[in-house]
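Novice: Structure provided below as C-alpha cells; questions to follow.
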Amino acid sequence: MKRHGKFTFFRSIRFRIMILLFVVGIVSALVVEIVVVQSYETRAINQRSVIVRNQCDLLVDQLVKRNYLENTGDEVINGAFNMLTSIYGGRILVMNGDSRVIMDSYNLDTGKYSLSPEVIDCLRGKETSQYDEKNQYLEMTVRIRDTASSDQKVLGVLLVSVSTAEIHASRGILEARGSLILGVTIVLVLIFGLWMSGVLVRPFQKITDGIEGVSDGFENESIHVDDYAETELISDAFNRMLTRVKAVDDSREEFVSNVSHELKTPLASMKVLADSLNMNPDAPKEMYQEFMQDISEEIDRENSIISDLLSLVKMDRKASDIHMEETNINELLEKIMKRLRPIAEKQHVQLILDSFRPVTAEVDETKLTLAFSNIIENAIKYNKPDGGWVRTSMNADRKYFYVTISDSGIGIPEDSIDHIFERFYRVDKSHSREIGGTGLGLAITKRAIVLHRGAIRVTSKAGEGTTFSIRIPLVYVA
C-alpha cells in the first residue's frame, strides 16, 4: 500500500518541472511576440521615413526649379502636394527664408510665421526627422536650397507630417494574432509539461515504490532504476544501505543467539553440578567442595559475560556519551602495566613498556584503559606456557599517537584475523573457555578505539606471536 504522508502535488518535483517548462515556454513565446511586433513597427516606420524623404527631395528640386517660393499657385507642385497628402494622410507646409508659411495643405497657418525649433534648425542647415508614437505621425523637415549658387543658400523649409495610423493598425492585427498564438502555446506547453514531468518523475516514483516495498516487509527486494545517472546513484546507494541494514539485522540475530548460548552454558553446568549433589546426599565432603568450587567458577564466568555485555552496550551508545579530557598516555600505560603485572608474573610472562616521548592527548581515559587492558591481558593469557614476553611501545607525531602491543604468544591463524573483532568470536574455543574468555574483549577494544576516531590493525602468524598497531588522534574531533 502506498503511503505518501503529507505529500501534495504542489510540493512535488513534477509540479515544479511543469512550472519551469511553463515559465520557459511562455516567456520565450512572449519575448518572440514582443520582438516580432517591435521589429515590424520599427522596420515599417523606417521604410515610411525613407520613402517620404525621397519624395520630399524630389519635390524640393521641383520647388527650386519652378520658383515655387515666389509663385505658390503652381498647379504642378500643388498637385504633387495633394497626391502626397492623400496617399499618406498627412500635411505639408512650405516656409520661406523668413519662416513665414507660404503654403499649408490644411490652409490653417498660411501667412503666419513658424518659430518651431525644427524649422529654425532646418533654416540653419540641420534637417530633422521624428516619430510621435502617441499621436501616430511621422514629421520631417527638408531644406529648400538654391543648388545653382555656390554656397547653396537655404531659401526655405519643407515640413511634412504623414500619418502612421495604418502601421499601428497592422501592429494591432499582428499583436492579436500573436496573442492567439500565445494562448495556443500556453495550452500546448501545459499539455507537454504535464506529460514531460510525468516522464521525468516516473523513475523516482519507481524508487519510492521500491522503498515502500522494503518498508512493508519485502526485505529481499532491491531497487534497480537506471533511467538517469541520478536515479542509478540513488538506487545503488539505497541497495548498499539495505545490504548494511541486512548485515546489522543478521549480526543482531547472531548476537542474541550467541548471548543466549553463552549465558545458558554456565547455567547448564551449574544445574548439572547441583543435580548431581541433590542425587547424592551422602557424597563425600571433598566432592561437595569440588562441585561448589565449580559452581562458583561458573557464576564468576556468568558475571564476566554480563559485565562485558554491559561495557559493549555502553560503547555502542552515541559518541556524545564519550568523556574526553587531557590525559597523560605514558602514565595511563604505566598504570595498566602495574595492574596486570601480577597476572603476568603468575603466567611467567615479562611485561615491557617502551615510551619514546611524553604524550598528552584528548581521550576518554576509562574507555581507552579498557581497550589497552583487553589487548595486553589477552597477550598474557595466550602466551607461551614456559614463559614469554609482551612488549608495549608508544610514540607520537604532530597529529597522532601510536601504541604497538606485541607478544611471543601462540599467534592467530590467518583465516581468523578478519574475525577476531566480532562479538563472541574465539580462535581456540576450548582453550578460551579454560582461561575465562568471553569473546567480547576485542569487540569492546575496537569500539573504544573507533569512538576516539582511531584505527587498529593486526598482524599475526600462528605460533609466532601477534602485534596490534593502534593509532589515535592527539586532539579529538567530534
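In case you wondered, yes, glycine gets a Cβ from its N, Cα and C as well.
In case it helps, TrEMBL gives these features for our protein:
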TRANSMEM  180-201  transmembrane segment
DOMAIN    198-250  domain 'HAMP'
DOMAIN    258-476  domain 'Histidine kinase'
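I'd like these features described in context: how deep, what's nearby, how far apart.
Specialist: Listed as Cβ neighbours of the transmembrane segment (180-201) (distance under 8 Å, sequence separation of 6 or more from its ends, same chain) are residues 12-15, 17-18, 21-22, 25-26, 29-30, 33.
Taken together, the residues in the domain 'HAMP' (198-250) have a mean pLDDT of 75 on the 0 to 100 scale.
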Novice: Is it possible to list how many residues within the domain 'HAMP' (198-250) are helical, extended or coil according to DSSP?
Specialist: 40 helix, 0 strand, 13 coil
